[in-house]
Each structure stands twice: as structure tokens, then as C-alpha cells.
Amino acid sequence: MDIMMRWTLLFWTSLAVVVPVIITLWCSVQRSKRKIHMKDFFRKSKHGWHCTDLFNKPTYCCVCQQHILQGAFCDCCGVCADETCLRLADRSLVCKEIMAPSQTDGTLEHRWVRGNVPLCSVCAVCKEQCGNQPKLCDFRCMWCQTMVHDDCKASLSDGKRCELGEFRSLIIPPHYLHHVNKLRRRHPDEYSKLASACGSSWTPVLVLANTRSGNNMGEALLGEFRTILNPVQVFDLSELPPSKALQLCTLLPPGSVRVLVCGGDGTVGWVLDAIDTMKLKGQDQFIPRVMILPLGTGNDLSNSLGWGSGYAGEIPVEQVLRNILEAEVVKMDRWKVQVASKGLYFRKPKVLSMNNYFSVGPDALMALNFHTHREKTPSFFSSRIINKAVYFMYGTKDCLVQECKDLDKRIELELDGERVALPSLEGIIVCNIGYWGGGCRLWEGMGDEPYPPTRLDDGLLEVVGVFGSFHCAQIQVKMANPVRLGQAHTVRLVLKTSRMPMQVDGEPWAQGPCTITITHKTQAFMLYHSAEQTDDDDESSTSEAESSAPHDSPKPAGPASARA
């Protein structure tokens with residue numbers, strides 16, 4: 001009897017352990033199959049579907065009209081559906097058409113989506129709040145974002161005529177691309193004729209986002225921009241390189257396009273390199289103007305152009321688009337960095353493009369250590385706060401180890417062909433822009449006699465030295481100044497012995513004996529923000545910003561450190 005009870009207990013115990021494991025494995029397999037199946041369905045769909053486990057506001061299915069907590073939504077047109085209605089919604093509900101003919105009068109017709117209007121939206125007819133009933137109700141035009149009540153729709157003054165709303169001057173209308181597709185002669189003059197129907201102030205914008213930058217906000221931003229703009233204007237750089245995305249500029253009027261780059265300084269450099277490639281192809285007349293929405297960690301170039309040191313969703317995308325309309329066009333120098341390794345005379349020198357700065361020494365060592373560990377565990381470095389904390393840790397370590405000491409004995413510096421005597425340094429930094437190290441104005445410094453601000457278009461580089469990681473930290477908190485070595489049109493450094501960490505715009509590497517030559521490459525057209533003064537450094541006056549603005553453009557009204 002005891003044996004029988006033991007076997008019975010063993011059986012039920014085993015069953016209690018094995019059955020949940022089997023169920024868990026079965027659910028995991030089914031979930032994996034469902035994920036693959038949905039991914040294939042989304043790839044073939046004309047909608048931009050995204051699944052969510054919990055909607056962030058009261059949401060109703062556009063097919064069955066029932067309240068749903070989870071399901072899928074299209075970030076282009078705003079249609080929402082639960083999983084059972086998803087296929088029917090995909091077949092029966094039309095998404096935004098990137099290319100479509102216009103009405104007989106040359107205008108676009110409203111494209112209405114019922115229900116799930118934005119919170120606190122107002123009816124265009126009666127001026128009362130929309131979407132405040134607990135059901136699928138009211139309409140929103142997916143192009144002009146006009147909202148109307150069910151009962152007010154028939155009373156809409158413009159009837160079926162859609163004016164594309166507040167951002168009409170930034171949107172590429174679907175009928176424009178329809179006419180371009182029918183052109184027999186693809187010539188810039190033909191594009192200008194077609195553009196006349198879009199208004200004299202038409203400056204279409206392309207949005208290029210790096211979904212891997214900063215706090216991984218890129219994907220959400222892409223969806224918000226697709227909702228307002230034509231989806232053809234919005235590009236994910238993880239799926240399409242900027243060289244291909246910028247080819248859309250060649251189908252638009254010359255000199256009219258503006259590009260919004262959502263990412264860090266590295267992403268901006270990637271886009272600017274693609275623009276230089278357009279110049280090599282003879283497409284100079286289609287070169288766009290570039291604006292930055294900073295999603296990276298350092299964002300020094302963004303800071304220098306007045307767009308702030310980081311974006312975390314504190315302003316809506318609508319305000320970002322308004323900033324594009326108000327921004328000024330300025331020129332920015334770009335530089336060529338040639339690295340010729342000693343003893344390798346038959347190998348072509350490594351050539352890099354520089355927008356921000358080149359450095360050799362402790363800050364390059366911190367960037368190299370950070371880059372090495374990020375490559376090993378990229379998921380850990382998904383937060384801007386964590387990234388800066390890791391930088392601080394490596395800086396503290398170098399204060400104790402001093403891996404770059406006696407740099408002055410290992411390197412020679414020439415500015416415009418003249419040899420410069422170096423003090424006992426650990427690092428040399430060659431700057432093109434005003435900011436360095438995540439928000440520090442390096443060249444101007446602090447104290448009773450600050451140096452004049454740097455300029456983006458003067459064809460000069462500012463060269464400074466630092467005594468070590470601790471000196472870098474003192475400079476960043478305004479307790480010390482760098483060693484100013486001079487300004488030059490051409491900078492040449494000769495590393496005579498050993499390996500040293502180097503970086504160009506945050507891209508680090510370890511370099512053996514070599515000769516580095518930095519010369520002027522070209523100029524890029526950038527967008528400068530000067531609408532408001534919100535920099536922490538209140539002592540920075542308006543005159544400082546005016547002196548840092550390029551001579552060939554109107555002087556900004558605010559400081560160069562103004563943030564979006």
C-alpha cells in the first residue's frame with residue numbers, strides 16, 4: 001500500500017511539473033509562429049501596421065466598433081483594429097496614398113478616418129470637443145488633420161477640398177508625385193512648374209531617423225511624422241541608407257528640400273557624406289538643407305546649431321516641424337582627415353570626414369573603451385543616462401592610470417606649416433564647432449578674458465591641449481580652461497612612436513605611428529535655430545551668438561547655445 005501511494009504521489013508530482021512545461025513550450029512555439037505569420041502579413045499590407053499590447057488611450061476597432069485594449073494600428077492613416085478584424089480592416093479601409101491623381105480643380109480630396117481622434121481635438125465646424133463619447137465616433141482627415149463631428153461633417157465649409165493643413169508647405173502632395181510620374185522629360189524646370197501649384201513657400205521636408213540612436217525613440221518618431229506628412233517623406237536609416245533616401249530630392253524643385261535628421265552626430269555625418277556623394281554625381285542643384293533632432297549621446301553639432309543637447313519627447317513633433325519653417329540657413333565647414341601610417345607607403349591613406357572635432361588622448365581613449373563595450377553588449381547602452389555614466393567611469397579610471405601621458409614627447413604639431421612647441425600634455429583636440437564633450441564651449445573657455453566664439457564657416461580650426469582626464473572634467477564644469485595652441489587652415493600631426501587612441505566625431509580607433517593631415521573639404525548648408533534662449537549659461541549674451549553666426553547669413557536673434 002505504501003509503495004502504491006508513493007508511485008501515485010510521484011506520478012502526480014511529475015505531472016504537475018511536466019504539464020506546465022509542455023504548455024509553456026507549446027505557447028512559445030505558437031507565439032513564434034504567430035509572430036512570423038503577422039510579420040509576413042504586415043510586409044505585404046499597404047498599411048503601416050504596428051502591434052501593441054496596450055493602447056495608451058481609449059481605442060475602438062474601426063471595423064467592429066468595439067472597445068479594444070490590444071491590437072494593431074496604422075501609423076500612416078491612424079486606423080485601429082483588434083486581431084480578429086485585422087484582415088478585414090486591411091482589405092476594406094484605405095491607407096494614405098503616397099501617389100494619387102488630384103480632383104478636377106487640381107486639389108486633394110479629404111481622406112476621412114472614423115474614430116480614435118486625438119485627445120482634446122476640436123471640431124472644425126462647431127468648435128466643440130471631438131471624440132469625447134465612449135464609442136467609435138467623429139472623423140479625422142489623414143492629410144490635413146481636420147476633425148469634425150459625425151453630425152457636422154456635412155456642414156464642412158470646404159466640402160471635399162483638402163488644403164493639407166498647417167504643414168502644407170512641408171508635405172509632398174500625392175498628386176505632385178502622380179504628375180512627376182507622368183512626366184516624359186525629367187528636368188528641374190518641369191519640377192518647378194509643377195511646384196507652382198503647391199505655393200511659393202513650398203519647402204518639402206524629408207525625415208531620416210536612426211532608430212538605434214539615443215533612447216531608441218526613432219521608431220515612435222517615424223510613426224508620428226508619417227501621420228502628419230506623406231509616408232514617402234519618412235525614412236528609417238536602419239532599412240535604407242541616406243544615399244538612396246536623398247534621391248527623392250532629385251524629383252523635387254532644386255534648392256527647396258529640407259532634411260530633418262533624427263539621430264546623433266554620427267548619423268548627421270552619415271547623411272552629410274551622402275550629400276557630398278550627390279555633389280560628385282553632379283546633383284549640386286538638388287542639395288538639401290539639413291536640420292537636426294538630437295537623439296544621440298553627445299550631440300555637440302546639434303548644440304552648436306541651436307537644436308539642443310538631446311531630445312526626449314519634451315516638445316511635440318508639430319513644434320519640431322514649426323521649427324523647420326522658422327529656421328535660418330547657414331553654412332558649415334567640413335574637413336578631410338587623412339591618416340597615413342608610417343612604413344606603409346604603398347597603402348592609400350585612410351580618409352575620414354570631420355564635422356565636429358578630431359582628438360588624440362584621454363577623451364579618445366574614453367570613446368574607444370565605450371565603443372568597444374557597446375559593440376559587445378549593445379542592449380545595455382540604450383539610455384543616454386547610462387551612456388554618460390559609463391563615460392564618467394572610464395574617465396575616472398584614466399585619471400588613475402594615465403595611459404596617454406607624455407604625449408608631447410610622442411607627437412609633433414604643425415599649424416599652417418609652422419611647428420608648435422607643446423607643453424607637457426596628454427591630449428590634443430582639433431575643433432570645428434563651438435561645443436565639445438557633450439555641451440562644453442571649449443575654445444571660449446571661462447574667466448575674465450574669454451576668447452571670441454568660434455564660427456562654423458570661417459575655414460579655421462581651433463586647436464587646444466589638455467593635461468589629462470581630470471583636466472577634461474574641470475573644463476566641462478567650467479573650473480579650468482584648455483591650453484589654446486592656435487587656429488589654422490591646415491593642421492598636421494605626426495605620431496612618432498607607440499599606439500595612441502584617436503577619434504573623429506566620436507568614432508574612435510587605436511592608431512600606430514602615422515601622419516595626420518586635416519584640410520578643408522567642403523561646406524554644407526545647415527538649418528540654425530535661434531528662436532529662444534534657454535541655455536543654462538545665462539552669461540552668454542546675444543552678441544556672442546551674433547559673432548558665431550556666419551557672415552553671409554542674417555545674424556541670429558538668440559545665442560548659438562539656444563536649445564529647441
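Using the three backbone atoms N, Cα and C, a Cβ is placed for every residue, glycine included.
According to TrEMBL, the features are:
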DOMAIN    46-95  domain 'Phorbol-ester/DAG-type'
DOMAIN    109-162  domain 'Phorbol-ester/DAG-type'
DOMAIN    200-341  domain 'DAGKc'
REGION    531-564  region 'Disordered'
| query | Per DSSP, what is the residue count of the domain 'Phorbol-ester/DAG-type' (109-162) in each of helix, strand and coil? | reply | 3 helix, 13 strand, 38 coil
| message | Looking only at the domain 'Phorbol-ester/DAG-type' (109-162), what is the model's average confidence as pLDDT? | response | 89
| query | Using DSSP, how many residues of the domain 'DAGKc' (200-341) fall into helix, strand and coil, respectively? | reply | 58 helix, 34 strand, 50 coil
